[in-house]
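A short worksheet on the structure shown next.
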Amino acid sequence: MAASRLDFGEVETFLDRHPELFEDYLMRKGKQELVDKWLQRHSSGQGASDLRPALAGASSLAQSSARGSTGIGGGAGPQGSANSHPASGGGESAGVPLSPSWASGSRGDGNLQRRASQKELRKSFARSKAIHVNRTYDEQVTSRAQEPLSSVRRRALLRKASSLPPTTAHILSALLESRVNLPQYPPTAIDYKCHLKKHNERQFFLELVKDISNDLDLTSLSYKILIFVCLMVDADRCSLFLVEGAAAGKKTLVSKFFDVHAGTPLLPCSTTENSNEVQVPWGKGIIGYVGEHGETVNIPDAYQDRRFNDEIDKLTGYKTKSLLCMPIRNSDGEIIGVAQAINKVPEGAPFTEDDEKVMQMYLPFCGIAISNAQLFAASRKEYERSRALLEVVNDLFEEQTDLEKIVKKIMHRAQTLLKCERCSVLLLEDIESPVVKFTKSFELMSPKCSADAENSFKESVEKSSYSDWLINNSIAELVASTGLPVNVSDAYQDPRFDAEADQISGFHIRSVLCVPIWNSNHQIIGVAQVLNRLDGKPFDDADQRLFEAFVIFCGLGINNTIMYDQVKKSWAKQSVALDVLSYHATCSKAEVDKFKAANIPLVSELAIDDIHFDDFSLDVDAMITAALRMFMELGMVQKFKIDYETLCRWLLTVRKNYRMVLYHNWRHAFNVCQLMFAMLTTAGFQEILTEVEILAVIVGCLCHDLDHRGTNNAFQAKSDSALAQLYGTSATLEHHHFNHAVMILQSEGHNIFANLSSKEYSDLMQLLKQSILATDLTLYFERRTEFFELVSKGAYDWSITSHRDVFRSMLMTACDLGAVTKPWEISRQVAELVTSEFFEQGDRERSELKLTPSAIFDRNRKDELPRLQLEWIDSICMPLYQALVKVNAKLKPMLDSVAANRRKWEELHQKRLQVSAASPVPSSPSPAVAGEDRL
């Protein structure tokens, strides 16, 4: 098969589109000789010679470099070197062609300046080679060259991505980076403009207008205007003053470039903020007069005019003779600046009317250009401020756990945003108190004002400990008490400012901006204050609005951090309380030792395998031994390797965590477990359920009412209790019972499931949760329809997981309601206990919630108990046990007992009706008893 031929042009085009592949290949397999050749071709002869010590291994390059340097030193000069040709036989490396631009920049001795980029390139290449040298494998023998293109590109992209800081702050900064760039149009040369002025004044004027119309940078635009005005009127020097402070009503004329010559470069050599800045008060001097009145001033001799101020001349030694001053207006006719031309050339000549006319024609264009540049600068400033606010939000979301860190971030952002010398944050001790008292203060000084910015960050807990604090406390307290911002442009003129404290501190305060910090509930939690703008100007309205918006986010962040600290302390208190309670809620070692050494009676002796077991036959200790016997009889101790001492401790702790309520107590839990044990052993369900399922239902029976408070789910919802808030209104108590069971199991020395495998443990905990939640009658009503249908159709399949789940749920409910299946005396006694507990709940509903309880909870209607029991049996109990008998006929004694007990309740009900008929008493209709109200 013939190999495909590659076209070099196609390869080059592909590499142009994928430079990262070329870079990756060069970094992996590039040779030093290749880089030497590249440097030789793209550098001067002297530059190649300078590289010789670092690249001594490349002898051919050294020879060619020597020839190149000889030619330069031989007197050919820069011009000759630039036009020299390679020597014959030397190939590409024999001679080094020089660019004419190098000649113009050569030194007087004829030697050329070597480019700095060569040095940097050499360092970069050396670093990359060092990385390759330190590798412990040979890349030539790897299969990287055979990797597909997608793999190479993916690796290159990952390398790029890994070089970026993996923080949200850097990602946000990259996303918010402005994509708007200032247009760059190179102006025509000054010599060309001078030529046009002499030969074509119209074209000269158009060139000046065109050059300023394309510039949106106010600094370079101002510089251009000065130079062009000098050219137009033949002035020796020129100054431009722009109006500032108009919005605040305190106008000032400011010039960042003063006395610019016509022969200076078109771009300023210094861009330092406030460099060469001169401020002229509004209405003062000739500049101020022109700005205030908008008149043109043309003075042949400045010293003859009383408005002239010669202070600048005294400072600079420059003598002002003639002077032409003219206002600059925007499109609305407002004065936005003043242009001043000084000393007409030739020296001593005054400015003419033609000069005035030319300036009057040119300055309107300058006004338009300045307005556009100012608008662009304002939009950029607003963009930067909006970006800073977004970055503040990012900072606040990143740090919400440490108050000191978040306040420090806030102050750093405030200094960056407002460009101030000092920033402080004070937090109130008590936001509810009418007395303003600060409990914490944080302070940060700008690095420009402090040699060590980190050491300038201070925190003090007591107010007396920051007596050296430089912020005026009276202003901060005023803001905290009124909630209104305070902006002081001149601190020493404000009566609220303590000048004496300022002098003692050594930090001179000029201007103060202080705003309140609010939380989400619109309560003042502190104040934020900034001092002294770096440019020396007072804080303006824009600064105040920005600072107030900034502090809104800061207030939320500080409030969240304070709340987190409070929650953290509350959690610590809760942890301590739980530790104390768990100590008192667990059984003692003496109790464990007692039952560990006790002889456990047999099942026959305890009669716990009897479906008609007497619920009141055992005392509290006997119920523990009976529970131990059930675990041993079902083989769970041996099967799951349950430590016997742990089992004793767990049972005793479970008993201790049942409250002393009338019915839902430890005895009820044991009786439910006993009935489950009897059904498993008597009806043969032990053969149907797995060992894990049996363990789950037995443990579930013992734990299904842990920490029951004697009230039902409806009461928790009505009273909006802590349990309802924690678990919601669906199966509130059942979720609490399960979580309480888990807490006991996780306590030290109580995990009876410790020796189960991870899968068995996971399955068991899921089954345990299902078993406990199944005792909620709301869930019973939801699932019993499915169970009844499966039973009636004979479609029960024990291999189907959902069928087994429903069956276990029905078993749990049958055991929970099992008192109705016991002999009449036992069943009636249990019914009276349940009713008494319900009456206590009804009393609480009436007294605490101001509600009228339903019939089953109303003590005043206790004579209706037989009727309510009949409804209870007919609607809830009887259908369930009838279905279970269809599943297993061995459970028929339970159904028979239910029927027998119903007959007893029917007799009592009929007797009540007879008594009521003999002595009729008006009674309100009784409401239907909801199943969930029963348990």
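Yeah, the Cβs are placed from backbone N, Cα and C, and that goes for glycine too.
Taken from Swiss-Prot, the feature region 'Disordered' covers 41-125 (among others).
Among the features that Swiss-Prot reports, compositional bias 'Low complexity' is placed at 54-69.
Taken from Swiss-Prot, the feature domain 'GAF 1' covers 217-370.
According to Swiss-Prot, the feature domain 'GAF 2' maps to 402-558.
Swiss-Prot lists Ser424 with the feature 3',5'-cyclic GMP binding site, giving similarity to another entry as the kind of evidence. For Ser424 (3',5'-cyclic GMP binding site), other Cβ atoms within 10 Å of its Cβ number 24.
Listed in sequence order, the residues of the same chain lying 6 or more apart from His664 (active site, proton donor) and placing their CB within less than 8 Å of its CB are Tyr658, Asp705, His708, Gly710, Glu837. Annotation source Swiss-Prot lists active site, proton donor at His664.
Secondary structure from DSSP puts Asp705 (divalent metal cation 2 binding site) in coil. Annotation comment: Swiss-Prot describes Asp705 as divalent metal cation 2 binding site, evidence class sequence analysis.
Annotated region 'Disordered' per Swiss-Prot: 915-935 (among others), in sequence order.
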Reduced to three states, what secondary structure does DSSP give His664 (active site, proton donor)?
coil
Counting across all protein chains, other CB atoms within 10 angstroms of the CB of Asp705 (divalent metal cation 2 binding site) number 26
